[in-house]
Amino acid sequence: MDQTTRTVQAQKHIALVAHDHCKTSLMQWVAIHKEKLQHHILYATGTTGHLVQRATGLPVTAMMSGPMGGDQQVGALISEGRIDLLIFFWDPLNAVPHDPDVKALLRLATVWNIPVATNRTTADFIIHSPLFDRQVEIEIPDYQLYLQQRLK
């Protein structure tokens with residue numbers, strides 16, 4: 001597929017997602033990085049968003065709970081170019097009923113070329129990157145060209 005570029009602003013739109021066994025770890029990570037994260041716009045799946053907001057006081061736009069469609073809501077935001085970064089602490093040792101949604105969410109993050117952290121170490125590398133607080137250009141699929149070609 002042909003590519004185009006999208007400008008990711010210095011103020012990032014960050015999605016926070018965590019499986020049940022990882023919610024405490026994500027809340028701790030957000031608390032540690034609260035000073036840096038407060039300058040960005042946070043989104044999260046339902047339960048995670050409410051827990052993060054209560055634990056840190058940071059404003060979080062909460063979607064529905066993951067199993068109730070929240071993963072798909074975050075995926076839609078990624079597809080629309082409204083999420084710049086996904087922090088998703090997932091539990092690879094426990095299956096969840098909405099595993100297909102999890103796979104779809106990770107797939108969309110890859111398709112739309114946004115950074116994804118699936119554990120604390122990767123999240124630390126991302127938040128400490130010199131690009132984290134800067135405007136950057138990323139390559140994304142050229143959906144308009146794709147659509148034009150499909151409609152010929």
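The count begins at 1 with the first shown residue.
Cβ from N, Cα, C; glycine included.
Residues annotated as domain 'MGS-like' in Swiss-Prot, with sequence analysis given as evidence: 5-152. Averaged over the domain 'MGS-like' (5-152), the predicted model has a pLDDT of 95.
Packing around His98 (substrate binding site) is summarised by its Cβ count: 19 other Cβ atoms lie within 10 angstroms of its Cβ, all protein chains included. Under the heading substrate binding site, Swiss-Prot lists His19, Lys23, Thr45, Gly46, Thr47, Thr48, Ser65, Gly66, His98, citing sequence analysis as support.
What Swiss-Prot records for Asp71 is active site, proton donor/acceptor, and it gives sequence analysis as the kind of evidence. According to DSSP, Asp71 (active site, proton donor/acceptor) sits within a helical segment.
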**Prompt:** At the Cα level, what's the spacing in Å between Thr47 (substrate binding site) and Asp71 (active site, proton donor/acceptor), rounded?
**Reply:** 12
**Asked** Across all protein chains in the structure, which of the binding-site residues Thr45, Thr47, Ser65 has the highest Cβ count within 10 Å?
**Response** Thr45
**Complete:** DSSP puts the residues of the domain 'MGS-like' (5-152) at 70 helix, 30 strand, 48 coil
**Complete:** For Asp71 (active site, proton donor/acceptor), the nonlocal same-chain Cβ neighbours (under 8 Å, six or more residues apart) come out as Val17, Thr45, His98, Asp101, Val102, Ala104, Leu105
